[in-house]
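Novice: Not my notes, these are from TrEMBL:
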- CYS38-CYS51: disulfide bond (DISULFID)
- CYS73-CYS81: disulfide bond (DISULFID)
- CYS76-CYS84: disulfide bond (DISULFID)
Amino acid sequence: DGDLKFSLESVKKLKELMDENKRINPRMVVSMASYSPCDEKDLPEEFQSVCKREDAPMIFERLNLAVREADLCEICANAACAGCF
């Protein structure tokens, strides 16, 4: 994401955390605007620096979008990869 680089495994873990938050209780859904993965105890360490940034919610959402497709190959999930499609 921009100048930031994260391991694919950490981004997958971020997606799991964000997806779990959405499934907690449909009647008590926390809006994604007020939810922060930074509050999760299982958030990978490499995201701690992102948590200190004002644009952290946008960064987390873009990373989540990058691994949304279940059948997305791991090579193509890497933003530096070219020619995957």
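Glycine is no exception: its Cβ is also placed from the backbone N, Cα and C atoms.
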Novice: What count of other C-beta atoms do you get within 10 angstroms of the C-beta of CYS51 (disulfide bond), across all chains shown?
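Specialist: Excluding its own Cβ, the number within 10 Å is 14.
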Novice: Other than its own, how many Cβ atoms are within 10 Å of the Cβ belonging to CYS38 (disulfide bond)?
Specialist: 14
